Structures are given as C-alpha cells and as structure tokens.
C-alpha cells in the first residue's frame with residue numbers, strides 16, 4: 001500500500017517536500033550553532049525580607065543590573081546572564097545555607113548576599129568549601145586570620161570609614177562626643193573613634209540604641225538631660241529616619257545639636273521637615289551622583305523602582321536608589337567584568353554533601369579581585385588578600401536650608417578636604433540668623449538694661465532701653481534676626497557653686513538652652529568660658545573701687561609751709577648754714593676782701609674785713625628774704641658765693657610763691673584709702689562686691705597676696721559685705737563707710753550722676769564684656785563679626801557716649817597742689833654746691849697769689865708770708881690787721897724826732913735801694 005502510495009505521488013509534490021525538509025534541517029542546524037556560541041551563566045542571589053511581600057531594594061537592583069547587562073551587550077556581547085533569587089527570613093542562617101545549596105546544585109558562578117552577618121557567614125562557609133565566589137554589599141566583621149579566600153565586599157572598609165568620622169570630629173573641634181550604636185558590631189566598626197580619647201583631647205560617651213523597638217525617646221531624653229549636643233549615630237537608614245522624627249518631637253532638632261550618621265543612605269532620607277530647624281546634620285555619601293552616566297542609570301532605576309510597591313515606613317524617598325542597591329548594581333557589573341576576562345568558564349552543579357569544589361572557582365575569584373570598575377559608587381578595587389574595598393571616595397554632605405549639600409570629600413589617601421567655603425556664592429553672615437527668632441536673657445543694670453519710662457503701657461522688648469538694648473537692636477538689623485528679651489529669673493549674672501558644682505544666673509540659662517543669647521554686662525572669664533561661649537568683647541573695662549568723696553578741709557594756720565616738702569625745708573636750712581660758713585671762711589682767706597677802713601689815709605697799714613661770722617649769716621638771711629644787708633663782697637671768690645646764693649634763693653622763692661597760692665586757696669581732699677593695698681591693710685572700712693558676679697569670682701580665684709587677703713575679708717563677712725546687685729552696693733557706699741568693688745564702666749556712669757561718689761585709685765584688673773551664647777552655638781562667630789563691624793564704624797563709641805554722658809558734676813577749680821620735692825627743684829642745690837666749690841678754689845687762688853706778692857714786697861720767703869696770712873685769717877674775731885710794709889732806712893735825726901714826737905707813727909714812705 002505504501003509503495004502504491006508512493007507511486008501515485010507526482011514529482012512536483014516530491015520536490016516540494018524535499019525543499020521543506022532541507023529548510024527544517026537548516027533551522028535545526030542554526031539553532032544548534034547559536035546555542036553553541038552563546039555563553040549562558042547563572043548568578044545566584046539570596047535576599048532577606050521581614051515577611052513575604054514586595055522585593056527589597058537589593059533584589060530589585062540585582063535584577064536591574066542583570067537585565068541592563070543583557071540588554072546593552074556592551075560588557076558581555078557573547079554571554080547571557082541568568083539569575084536565581086531566593087528569599088529568606090532575617091537572621092535565619094539555616095534557611096540561608098539550604099537556599100545556597102539549592103542554588104549551587106543548579107550551577108551558579110557566584111552568590112550575592114545575604115546581608116546580615118549570621119546568614120552571610122553560613123553562606124560564606126559553604127562557598128569557601130565549594131570554591132564559589134561570595135560577593136557581599138554589606139559590612140561584615142573580618143577577623144585578623146580571615147581565611148575567606150572566596151569572599152569580596154563592595155562596602156567600604158569600616159576601619160577607613162571610622163577614620164573618616166574621626167577626621168570629621170577633629171575638623172568640627174568637638175571636645176565631647178556621644179556614640180549611639182544599634183548593635184554590638186557598631187563598637188567594632190567605630191574602633192578608630194573609640195580609641196581616640198587616648199590620643200586626642202576628647203571625652204567620649206557610648207550609648208546603645210534600643211534593640212527590640214524603634215522607640216528611641218528614652219535614650220534621646222537622657223541625651224537632652226545630659227546636654228549631649230554632639231552625637232554620632234551608627235544605625236541603619238530606617239532607624240535614622242525614626243530617630244530624626246522623635247528628636248524633632250522632643251525639641252532636639254535645633255542649631256545647638258550636631259548629628260553625624262554613619263549610614264551611607266543619609267542622602268536618601270526625607271529631610272524636608274528638618275531643613276529650617278537649624279539642626280546640624282552631617283554624613284557621608286558614596287554614590288557618585290555628580291557623574292552624568294551615573295545620574296542616567298539612577299533615573300532609569302527610579303522609573304522602574306517607582307513601579308514597584310513602596311516599602312512602608314522606610315523613611316526613604318520613593319524610588320530613590322539606596323547605597324545597598326547601588327553597591328549590588330556595581331557588584332553584578334564587577335562579576336561581569338571578571339566573566340569577560342574568562343569567556344571559556346562554565347558552571348557545573350555542585351552538591352553541598354560531596355565537598356567537591358568548582359574547578360574554575362579559584363581563577364574566577366582572582367579575576368574578581370583584580371577587576372577595576374568605575375561604577376555608581378566610584379572606582380572599585382579590592383585588596384587581593386582579604387577582598388575588602390579599601391580605596392574609595394566619600395562625599396561629605398550636610399543639611400542646609402536647600403537640603404542636603406556636599407561640603408567636602410574624604411579618601412583614605414588624602415583624608416578630609418572641606419570645600420564648603422569654596423562655593424560659587426559668597427559667604428553671607430546672615431545666612432544662619434536671617435528670619436530666626438532668638439531668646440535673649442539679660443539683667444537690669446544701669447545704663448545697660450533699664451525699664452523704659454513711659455506714660456503708656458509697654459509690652460515685649462519695647463519695655464526696655466539702655467546700652468545693651470541698643471546693641472541688640474544694631475545686631476538684629478545687621479544679622480536679620482528677631483528677638484525676645486527676658487530678664488534672668490534669679491537676677492544673677494552667673495557663678496558656680498563650689499559645693500553643688502551647679503551654675504546659676506544667665507550662664508545657667510545659656511547652659512540649659514533656655515536662651516540663645518545673653519546680652520548684658522556679662523564679663524568674659526575663664527570659668528565661664530568652660531561652659532558657655534563668648535563673642536569678642538564689645539566693651540573693655542576693669543575692676544575699680546567706688547567710695548564716697550572725702551570731706552574737704554580748709555587750709556591750716558601753718559599751711560604756708562605746705563608748698564615745700566619737709567625735706568626741702570630742711571635742705572634749705574642746711575644750705576643757708578653751709579653757705580654762710582663758707583662765705584665767712586672765704587672772706588677771711590681772700591686778701592681782696594680786706595680793705596682800708598680809712599680811705600683818706602692811704603698809707604694806713606691797718607685793713608678791715610666786714611664778713612664776720614654774724615655778718616655772713618646776716619648776708620645769707622637778707623638774700624633769702626629778698627632784702628639787702630648793706631654787706632657787699634669785694635673779692636671775686638666771695639662774689640661767686642654771693643651770686644650763686646642769690647640764684648639759689650631766686651629759684652626757691654619763685655617756686656615757693658608759685659605753689660603757695662594753690663595751697664592757700666584749695667580745700668584739700670583727704671581720703672583714708674588710695675588703692676586696693678590700703679583697703680587690704682585695714683578693716684575699719686568694709687568692702688565687697690556683687691555676690692556670684694565676675695568681680696567676686698576674680699577675688700575668689702586670684703592668687704595675688706593682696707587680693708587673697710581681700711577675699712578672705714569678704715568671705716568672712718559675706719553676709720554683710722556681699723550685695724545682691726549694683727544698686728545695693730552703690731547705696732551702701734553713699735550711706736556708710738563702705739567701699740564697693742565693681743566694674744569701672746559702671747563706676748564712670750555712677751560718678752557722672754552722683755557727685756558724692758568717686759573712683760579710688762586705678763584699675764585692679766582688665767577684662768571685657770561679651771555676648772554669651774551656649775557652647776557650640778553657630779551664632780557666636782556671626783555676632784562677633786557684627787560687633788567688629790560696629791566697632792570699626794564707631795557705633796559702639798557713640799552708644800557709650802549716649803548712655804554714659806550725664807549732667808556731670810561741677811569741676812573743681814584746681815586739683816590739690818602737690819608739695820615740691822627734691823625731684824622738682826633738687827637741681828638748684830646742685831648749682832649751689834657747684835658755686836660753693838668754685839668759690840673755694842678761687843679763694844685759695846687769691847690767697848696764694850696775695851701771699852706771693854707779700855713775700856716779694858717784704859723780702860721774705862713765700863712760706864713765711866703764707867703762714868703769716870693764714871695766722872691772721874684764722875683769728876675769726878678780729879676785723880683789723882696790718883698791711884704788709886717794705887723795710888725802711890731810719891736816720892739819727894729822725895730817731896731823735898721820733899722820741900720828740902712820740903705820738904706819730906712811722907710814715908714808711910722810703911724804701912731800701
């Protein structure tokens with residue numbers, strides 16, 4: 001029948017059947033050829049989920065990466081990647097091991113995931129045994145003797161990331177840091193930071209976040225109570241999102257708090273509610289969003305991700321690519337780069353119970369470790385020994401009003417490089433203060449802060465006026481902030497109680513963040529700088545002594561002696577005695593001071609000297625009293641003495657006369673104290689300061705003996721000498737024998753308006769008033785710049801003139817004249833002494849010269865003539881002496897005549913030939 005059938009078939013039908021058969025065989029051949037040239041590899045992925053539901057970001061990124069590689073065909077033109085994904089419960093290591101064995105039995109070139117350590121370690125041990133690469137995108141603790149040779153991790157090495165956090169802490173100059181971690185591995189990850197206190201001046205406090213719940217409010221409450229403003233949170237992004245929401249509800253999202261998050265997903269969090277809170281929030285980002293190709297891939301991812309159901313309460317922006325997703329995307333591409341280098345690689349089914357490793361596994365893992373790829377997270381290279389990613393770039397991001405912005409970079413080689421100040425837009429000091437409302441604490445103190453006098457009721461800041469109020473208004477105009485003025489509750493400036501170690505006053509309110517600024521006469525001191533910050537001083541001053549003015553005393557009966565000091569009076573008396581004696585001696589020695597008392601008888605051999613001892617004293621008195629004495633010196637030496645004495649008396653009398661009028665007309669103000677030393681040496685006059693003020697603290701902390709003694713006095717009588725405020729101290733200084741220690745600027749203000757008070761002595765110390773801010777306040781530097789601007793423009797000086805200038809007290813006609821001392825007119829005594837010495841030398845010269853002339857005249861030796869002259873000069877009571885005569889020749893008749901006329905003396909006219 002068959003043959004018959006064959007026979008009845010026509011040739012045309014036979015040819016058609018033959019052609020169809022050939023075509024069918026050709027198709028089968030092409031399919032077989034195609035299957036032989038197209039390489040197919042399978043990747044396995046194990047992902048964790050809390051419960052059955054939508055796929056997580058890592059699983060979606062894994063599929064997205066595989067599909068992208070297969071679509072583009074650029075990386076693997078002749079290889080098709082397939083995948084097998086499995087889901088397990090969190091921390092289920094047994095289920096993870098079972099799923100890994102299932103995938104290995106199917107034949108996979110590598111296994112990606114799971115994320116958590118316990119499950120990852122179980123899968124890692126299986127991969128090590130069977131020689132299959134295990135690729136991780138989460139941090140896993142690596143022990144020093146790590147033997148996971150088939151392991152690579154794309155997550156940045158946390159020892160490097162810990163150094164990045166430490167560099168950031170040092171850049172911000174933090175002194176106290178709190179670390180809050182969510183599991184025990186956080187202490188391992190942050191080991192570089194935990195070791196920091198031993199190497200840096202850093203105080204570290206470590207707290208653990210709640211494990212079984214996301215309620216962090218109890219922990220945040222403890223941080224707020226402990227004033228922990230610098231906190232590092234080591235937690236997942238969903239935990240970070242919950243912490244931010246709870247911190248906002250607790251009032252911990254202010255400019256005084258600064259948070260650093262270790263999660264690399266900070267950029268993906270919804271920070272819209274916190275943009276204008278003023279909180280400082282810093283973190284790191286590894287996703288290279290500045291690359292246009294990366295942005296293109298993220299856009300495609302976002303489009304596909306938005307089609308998937310969003311994960312509830314994740315805290316992430318919908319469709320935003322997380323770091324885990326980006327790392328998984330890069331991990332698939334890195335494995336594909338290794339596949340490209342090993343095209344002949346094939347996979348085989350592996351059984352967990354046989355322990356027969358994959359023959360291509362060792363080479364494949366080495367190719368993965370040697371791979372280089374510029375991915376979504378930057379450059380990717382591995383340490384060939386441990387498979388860790390140690391070379392990477394991080395962007396430092398910070399919360400601004402525009403959102404999270406890049407402010408710097410960090411890499412393991414160069415470290416931290418902050419670029420926030422190098423942006424295109426210029427820095428503006430009003431950026432952090434514009435349109436903000438600040439609480440300002442102050443204290444009533446004239447003329448700084450006072451209640452404004454008005455007939456109408458005043459409210460708010462309009463109730464106050466004064467220097468500090470004007471300063472606050474100027475600052476608000478420059479910086480653009482609003483403010484509310486509140487008086488400090490306890491009425492104190494701020495001091496530390498030694499027994500309780502607690503602060504009070506305005507300092508306490510700043511420490512408790514009840515106020516943003518303290519604008520008052522608040523002195524900048526060392527102890528206050530330990531707990532709060534200060535701006536540069538807007539006023540410099542010191543501690544002075546306020547005391548009532550002493551009563552004036554009328555000039556006394558003997559006030560005419562006051563123009564010259566007692567020393568000068570004594571020196572004048574000694575000078576008078578000395579000059580008189582010198583004049584007497586010189587007049588006796590000088591031959592030219594002897595004269596003929598009978599001018600009509602020029603032949604008389606008797607000469608006379610007017611300068612007896614009494615006459616010499618009389619001559620000195622006459623010159624001193626500006627009167628004549630009828631005694632005129634004739635010799636040059638005596639005239640020198642007289643002239644120099646007259647010059648001396650001229651200066652003395654002129655000085656005395658000039659100073660006498662002041663002493664006779666001015667009421668002398670005699671004060672019992674003139675300085676702090678005078679106060680310390682006595683106990684009759686009480687003295688004190690404002691309790692718990694900067695002045696009291698100065699004496700309390702001083703180590704200068706005088707001030708220590710003063711503090712001992714004040715401390716022993718603290719109930720009576722320490723006052724509550726300046727007004728009480730001023731009133732006590734007016735009404736009792738009390739010296740009030742206070743700031744010099746306030747003393748200046750008080751003495752301008754109360755003429756019965758005055759400042760005693762100079763300043764005891766030097767300090768300044770500054771605007772106080774809480775520790776670490778971002779406003780301090782901005783306010784400092786504004787204060788310097790006001791200072792340079794002269795505004796601060798004009799404000800001081802406005803509030804300090806009063807009616808003024810009537811000026812005294814003249815100040816008390818001080819007695820002239822040796823330093824004033826001592827030179828005239830030197831001139832007097834020089835004149836006396838000169839006159840002595842001249843007198844000696846005259847004496848020698850005259851002795852020589854007499855020796856020649858009397859024809860005898862020079863020595864005998866000098867002795868004779870000296871003998872006659874030393875006869876102090878004699879005014880007469882014989883003139884020297886030449887020898888004469890006497891004739892006989894003249895002798896007879898002499899006997900006859902015995903009442904006449906020898907004329908002695910003839911001389912020997």
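Glycine is treated like the rest: Cβ placed from N, Cα and C.
Residues or ranges marked as topological domain 'Extracellular' in Swiss-Prot: 1-566, 665-824. The N-linked glycosylation site annotation in Swiss-Prot covers 72, 78, 280, 383, 417, 428, 435, 551, 756. The disulfide bond annotation in Swiss-Prot covers 101-352, 755-809, and the record cites similarity to another entry as its basis. Feature annotation from Swiss-Prot assigns L-glutamate binding site to 521, 523, 528, 694, 695, 743; the stated evidence is similarity to another entry. What Swiss-Prot lists as transmembrane segment is 567-587, 644-664, 825-845. Positions annotated as topological domain 'Cytoplasmic' by Swiss-Prot: 588-643, 846-913.
Taking Cα separation as the measure, residue 280 (N-linked glycosylation site) is nearest to 521 of the recorded positions 78, 521, 755, 756.
Residue 280 (N-linked glycosylation site) carries a strand DSSP state (E or B). The Cβ of residue 72 (N-linked glycosylation site) has 10 neighbouring Cβ atoms from other residues within 10 Å, across all protein chains displayed. Closest to residue 78 (N-linked glycosylation site) in space, going by CA atoms and restricting to the binding-site residues 523, 528, 694, 695, 743, is 528. Excluding 521, 523, 528, 694, 695, 743, which define the L-glutamate site, the same chain contributes 493, 522, 525, 693, 697, 767, 769 within 8 Å (Cβ to the Cβ centroid), listed in sequence order. A distance of 80 Å separates the Cα atom of residue 743 (L-glutamate binding site) from that of residue 72 (N-linked glycosylation site).
Of the listed glycosylation sites, namely 280, 417, the sparsest CB environment within 10 A is found at 417. When Cβ neighbours within 10 Å are tallied across all protein chains shown, the highest count among the disulfide-bonded residues 352, 755 belongs to 352. For the topological domain 'Extracellular' (1-566), the predicted model reports an average pLDDT of 85. Summarised by DSSP class, the composition of the topological domain 'Cytoplasmic' (588-643) is 25 helix, 4 strand, 27 coil. Rounded to a whole value, the Cα-Cα separation of residue 417 (N-linked glycosylation site) and residue 383 (N-linked glycosylation site) is 24 Å. In this view, the densest Cβ surroundings among the recorded positions 101, 435, 694, 743, 756 belong to 743, judged by other Cβ atoms lying within 10 Å. Per Cα geometry, 756 is the residue among the recorded positions 72, 101, 352, 383, 756 nearest to residue 528 (L-glutamate binding site). DSSP classifies residue 78 (N-linked glycosylation site) as coil under the three-state reduction. Just so you know, the Cβ of residue 695 (L-glutamate binding site) picks up 24 other Cβ atoms within 10 Å once every protein chain is counted.
On its own chain, residue 523 (L-glutamate binding site) has 493, 693, 694, 695, 743, 767, 768, 769 as residues at least 6 apart in sequence with a Cβ closer than 8 Å to its own Cβ.
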